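Peer 1: First the structure, which I've put down as structure tokens, then a few questions once you've had a look.
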Amino acid sequence: MAVKNPFGFTTGPVTFWLIVVYAAFLIPLVWIHESVPAVPSSSKNPYPQLNVTEAWHDLTHITRKYHPYNSRANDEVGAYFMKRIEEILVRNKVEYTKEKDAGGVIWPQEAYDAPAPAKRDVQRRDSKGPAVTIFDDTISNTTYLGTSGSFNQAGAYGTYFEGTNKLVYIRGTLDEDGEWWNGKRDPRKIGQGGVLVNAHYDSVSSGYGATDDGMGCVSILQILNHYTSPGHQPMRGIVLLLNNGEEDGLYGAKVYHYSPLYYFTTSFVNLEGAGAGGRAILFRTTDLEVTKGYEGAPHPFGSVVAADGFKLGAIRSETDYKVWTESYGQRGLDIAFYRPRARYHTNQDDTRHASQESLWHMLSNSLAAVDNLQHTTGYFSGSRNDGDKKKVASGSGTDGVWFDMFGTGFAILELRGLFAWTLTLLIVSPLVLALVTYILSRKDKYYFFSRKVTADEDDEPVSVGGWKGFFRFPFALVLSASITVLSAFLIRRVNPHIIYSSPYAVWAMTLSLFFLVFWTIAKGASVVRPSALQRGYAHIWLFVISWVILVAVTAAADRFKIASGYPFAFFHSAVFVSALISLCDLFALPSKQEFARNAHNDQQTRDNISEVPNSDALISSRHSHVEDDVAEEPTETTPLRSGENGNGNNGTIRTTFATTYRRSLSAIMRTPDEEENKETEQQPYDHEQQWSANLPSWTWFFQLLLLAPITITVFLQIALFIVSAIHSAAADGNDPILVYAAIAAFSIIILLPATPFIHRASFYLPLFLLLVFFVTLIYNLVAFPFSAENRLKVRFQQTLDLDANTSVISITGLEKYTRKMIAELPSGAGQPVNCTPGYGLTSDCRYNGAAVMPNLPQFTHALPANVSKGRYANLVTVNISRSDSSSKLEFGIDAAESKVCNLAFDTPVSFNVRGSAGIDPIFSRPTEQGVRMLTLWRRDASIPWVVDVEPIKTKAVPAGVLAKSSDSDAGAVHEDLRVRKSAELSGTIACQWSDANVLGTIPAFDEALQFSPDWIAVTKASVGLVEGRKKFRA
């Protein structure tokens, strides 16, 4: 009994290997995506100086309270970090100093040209001086102008911010001696430049900040412990920055411009949290050389797709990375948590919902990046390509492509390398296939696109069936892809937000549906018109499609520096080799002439048989075998006369001949020796073309191994990242149609490797997928889209009219669900709710908040709602006085226990905040008619702002003359341009309160957390949870 080929192109092996190969890659990739590597034991820890237990303890301490910049808890967290920094240095017995004047440096607006970088092979002695210097910034401030701000106001605006950053300088062996930052105000290159490691220690007012950005902060403490341990002094100096004020406008990074270390740091690693756990992804990098620093990460995770998403504007969330690169010109990496977004900026961004594994992932990967950067000299110093002298002299980098493989390997190549690869494929792959096609044609073995062939000129043409199966693949692909996309759009229309909590249910539906529809069409066509060329034609179509896509990928890489098309380079490479195998299969076939000749001979034999006078003529004329033949036993149908056929047919061959003698044409023509080998001869599969019997039946397996693994790996990793990053974007007002379209598209791409072989799959596989499809379809259509683990985010703010002593509560979110939430709140039940369109799909729903008036810090106990109108009279004070000039006004502004106020003027003004460093030349943009909005931040809530304000009216006012300038002639220019105006100045002041740590301070927020459904998450709508507004007039 013959053993079946386990790799044969038949139903059993094809079904088995399709399941095995897809399961072998889909399951691990999903597992890697959903899990986080375990913290290694002490014996296996690649960085023994990193103490995850200690870091976790620090994290639990700083996340006990909400700690936004505008809160008392924020000051406590800053003090805790200063205490921990000194404890680590004392423990490691490190010589350190503390700088009192840690900021306020005003740099020239144009830097000097940086000297050429030092030669890498030059030996120099170790830098001398204190090993560590601590900078506690309590004096820096920045003032800048623009056209949009943290309050999303329209028109020109001004911002004044006071910094409270904490910096630690770790001396490198290549750094200059001593305290080189003292007494130097020229921005020349210091040594080989330094590495900046940044994280922000403020949280949002509605979240504890465990991953945003507590893990980044405690990672910095452990990095400090690593580099201050004996034997670990870095080569290039390292600056550890714990900045404050990131959440409401990247202010902490912006005020770093006034640090004495500003021009020293030329490369950076930014640690951020845009999610609430999981793995920390390499979000983006500036160039190839910097990315190589991440190459040694123990568990690399990320690809260039995220960076291109920022570049194209598809991802709008910004981090301090934007300041370091766009404003300062540094080169570095952005490492951040990005999922689950449903917990981001909510009270579930805490240690209960985080893990030590996530902390270890960020900590170990970031230290690996920092370590590689501090060892790298010569790349991150020198003149810039853009020639911008306001920016750091960080040299220039190369565009790159990068991606991880299974969370363990990391691949990097130059973008021009990708361009060369794709361009080579575009040229070489069709030429190679054309060459093989030419050789096959010369050998007369190119069966594709061949209808008929003749052996000789006088013979009738023989059908080859070379066109059978040509149109099946595009028809099946278009129809199955269309139905798959339509199913995703159906879910979007009926239950659009199910993707929020159940993305894998949508994945299962689209994957099963595409396979099911494609199998039905391909299998049906194969049954009706069997063709041995169906697999080959599928490869030809795949080659054409991937080649066309690769043209776009190549153009994007060359013209727009977009590297995200790299998966299609892999895909086309695999398709090219697989298509080449399909062509090479034809070399095993007889030539078409030979096939036609054999077919013609067989036909002649059939004709001769049909013309014989009686059955005796059927006896072979080969006399050497006649004697061996044994006469058949007579039966009832045996003729009475030997010369007569049964049934009185008079020698005519009828259809009953085959039934009577059961002897085929091949049996008649075979010798007994040939008859013995009959069972071993290859036969065409299931009525396919006769010539296909000689096609290799095992090459399909190698084609599957070429196509499936690489396609699944590169595309599924990207698909899982994209869907995880945007599947909950509906809470931000974005239409989820993009998520559904992405899932449908990636489902099609992931299953494309199976399409050339799908018609040989067993009926039971699509039958099972049919069940999967119906179950997931019903679930996706009827299930409630949110859950306690995947909460819908709504945005909260309470607005006080301090003049009228009234309150309005605003809940912003998806209107259908926001109304359900408000109906369950004690203060909102039964009240009229007015909803107006907000951003995207969201609505701003408002109701009267008189029942839950805030008990702001000056009140020690709750007051009844019907108190006198002066309840909040002294909450915000604005004292306005005129100076000697008839148009110049002095504003004295204070707000009880608030660090931020916003002034909205009815007419454009120029302004100067007392004690400011002047207009920042980096962040300011020229304004045409002054500013109408002014945002003021202060580090000490007990010190009022004093602002000089003057109404102006001019056609064009340069940015530098709207406020105090460090240039001596700025005042004269200002006098020349302004138009004095003695009329009254009016407007509105709005101050913010963000501290909800004491229960009862903001009762409306407390009840939103307590009484909302468990599928609702409450986050901040603006800087403050409470905004108090009042009018002013001078």
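Placed from the backbone N, Cα and C atoms, the Cβ positions cover glycine too.
Relevant sequence annotations retrieved from Swiss-Prot are reproduced here:
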- 1-11: topological domain 'Cytoplasmic' (TOPO_DOM)
- 12-32: transmembrane segment (TRANSMEM)
- 33-418: topological domain 'Vacuolar' (TOPO_DOM)
- His200, Asp212, Glu272: Zn(2+) 1 binding site (BINDING)
- Asp212, Glu247, His345: Zn(2+) 2 binding site (BINDING)
- Glu246: active site, proton acceptor (ACT_SITE)
- Tyr344: site 'Transition state stabilizer' (SITE)
- 419-439: transmembrane segment (TRANSMEM)
- 440-470: topological domain 'Cytoplasmic' (TOPO_DOM)
- 471-491: transmembrane segment (TRANSMEM)
- 492-497: topological domain 'Vacuolar' (TOPO_DOM)
- 498-518: transmembrane segment (TRANSMEM)
- 519-536: topological domain 'Cytoplasmic' (TOPO_DOM)
- 537-557: transmembrane segment (TRANSMEM)
- 558-567: topological domain 'Vacuolar' (TOPO_DOM)
- 568-588: transmembrane segment (TRANSMEM)
- 589-703: topological domain 'Cytoplasmic' (TOPO_DOM)
- 623-653: region 'Disordered' (REGION)
- 704-724: transmembrane segment (TRANSMEM)
- 725-736: topological domain 'Vacuolar' (TOPO_DOM)
- 737-757: transmembrane segment (TRANSMEM)
- 758-762: topological domain 'Cytoplasmic' (TOPO_DOM)
- 763-783: transmembrane segment (TRANSMEM)
- 784-1034: topological domain 'Vacuolar' (TOPO_DOM)
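Relative to the rest of the structure, where do these features sit?
Peer 2: Across the topological domain 'Cytoplasmic' (1-11), the model assigns an average pLDDT of 82.
Here the transmembrane segment (12-32) has Cβ contacts under 8 Å with residues 4-6, 406-407, 700-701, 704-705, 708-709, 712-713, 716-717, 720, 754, 757-758, 760-762, 764-765 of the same chain, all six or more residues outside its ends.
Sequence-distant contacts (6 or more apart, same chain, Cβ under 8 Å) of Glu272 (Zn(2+) 1 binding site) comprise Ala199, His200, Asp212, Asp213, Gly216, Phe283, Thr319, Asp320, Tyr321, Asp334, Ile335, Ala336, Phe337.
DSSP gives His345 (Zn(2+) 2 binding site) a coil state; it is part of no helix or strand. His345 (Zn(2+) 2 binding site): 24 other CB atoms within 10 A of its CB, across all protein chains.
In this structure, Glu246 (active site, proton acceptor) belongs to neither helix nor strand by DSSP; it is coil.
Spatially close to Tyr344 (site 'Transition state stabilizer') yet at least six residues away along the chain are Gly207, Asp212, Gly273, Ala274, Gly275, Ala276, judged by Cβ distances under 8 angstroms.
Panel annotation: around the transmembrane segment (419-439), residues 446, 543, 547, 550-551, 553-554, 557-558, 565, 568-569, 572-573, 576, 579-580, 583-584 of the same chain, lying at least six beyond its termini, place a Cβ under 8 Å from a Cβ of the stretch.
Each residue of the topological domain 'Cytoplasmic' (440-470) gets a DSSP state, and the totals for helix, strand and coil are 3 helix, 4 strand, 24 coil.
Using a Cβ-Cβ cut-off under 8 Å and counting only residues 6 or more beyond its ends in the same chain, the topological domain 'Vacuolar' (492-497) has close neighbours at 730, 736-737, 740, 780-783, 785-786, 792, 814.
Nonlocal intrachain contacts for the topological domain 'Cytoplasmic' (519-536), taken as residues 6+ away from its ends with a CB within less than 8 angstroms of a stretch CB, comprise 9, 447-448, 465-466, 468-470, 472-473, 475-476, 479-480, 582-583, 585, 684-689, 691-692, 695, 700, 703, 755-759, 761, 765-766.
Counting residues of the topological domain 'Vacuolar' (558-567) by DSSP class, helix then strand then coil, yields 4 helix, 0 strand, 6 coil.
Same-chain residues lying 6 or more positions outside the transmembrane segment (568-588) and placing a CB less than 8 Å from one of its CB atoms are 418, 421-422, 425, 429, 432-433, 436-437, 440, 443, 445-448, 535-536, 539-540, 542-543, 546-547, 549-550, 553, 694-696, 699, 702-703, 706-707, 710-711, 714-715, 749, 753, 756.
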Peer 1: Can you name every residue in this chain, apart from Asp212, Glu247, His345, with its Cβ inside 8 Å of the center of the Cβ atoms of the recorded Zn(2+) 2 site?
Peer 2: Ser203, Val204, Gly207, Gly209, Asp213, Gly273, Tyr344, Asp349
Peer 1: Going along the chain, which residues at least six beyond the ends of the topological domain 'Vacuolar' (558-567) come within the CB cut-off of under 8 Å?
Peer 2: 303-305, 307-309, 311-312, 399-401, 403, 415, 418-419, 422, 549-550, 552, 711, 714-715, 718
Peer 1: Within the chain of Glu247 (Zn(2+) 2 binding site), which residues six or more apart in sequence place their C-beta under 8 angstroms from its C-beta?
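Peer 2: When sequence neighbours closer than 6 are ignored, Glu247 (Zn(2+) 2 binding site) has Pro68, Tyr69, His200, Asp202, Ser203, Val204 within Cβ distance under 8 Å.
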Peer 1: For the topological domain 'Cytoplasmic' (758-762), find every same-chain residue at least 6 residues outside the stretch whose CB is under 8 Å from a CB in it, and list them.
Peer 2: 9-12, 14-15, 18, 515, 518-519, 522-523, 525-526, 534
Peer 1: Which bits of the chain, at least 6 residues beyond where the transmembrane segment (737-757) starts or stops, bring a Cβ under 8 A of a Cβ in it?
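Peer 2: Counting only partners 6 or more residues beyond its ends, the transmembrane segment (737-757) has Cβ contacts under 8 Å with 9, 14, 18, 22, 473, 476-477, 480-481, 484-485, 487-489, 491-492, 499, 503, 506-507, 510-511, 514-515, 518, 522, 534-535, 538-539, 542, 571, 574, 578, 700, 703-704, 707-708, 711-712, 715-716, 718-719, 722-723, 726-727, 729.
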Peer 1: What parts of the chain pack near the transmembrane segment (763-783), using Cβ distances under 8 Å and only residues at least 6 beyond its ends?
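Peer 2: Tertiary neighbours of the transmembrane segment (763-783) are 15, 18-19, 487, 490-491, 494-495, 498, 502, 505-506, 508-509, 512-513, 515-516, 519-520.
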Peer 1: Can you tell me the CA-to-CA distance separating Glu246 (active site, proton acceptor) and His345 (Zn(2+) 2 binding site), as a whole number of Å?
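Peer 2: About 13 Å separate the Cα atoms of these two residues.
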Peer 1: With a radius of 8 angstroms around the mean position of the C-beta atoms of His200, Asp212, Glu272, what other residues of the same chain does the Zn(2+) 1 site pick up?
Peer 2: Ala199, Gly209, Asp213, Gly216, Glu246, Glu247, Leu271, Gly273, Ala274, Thr319, Asp320, Ala336
Peer 1: Mind giving me a neighbour count for Glu246 (active site, proton acceptor)? Other Cβ atoms within 10 Å of its Cβ, every protein chain shown.
Peer 2: 26
Peer 1: Specify the count of other C-beta atoms within 10 Å of the C-beta of His200 (Zn(2+) 1 binding site).
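Peer 2: I get 30 for this one.
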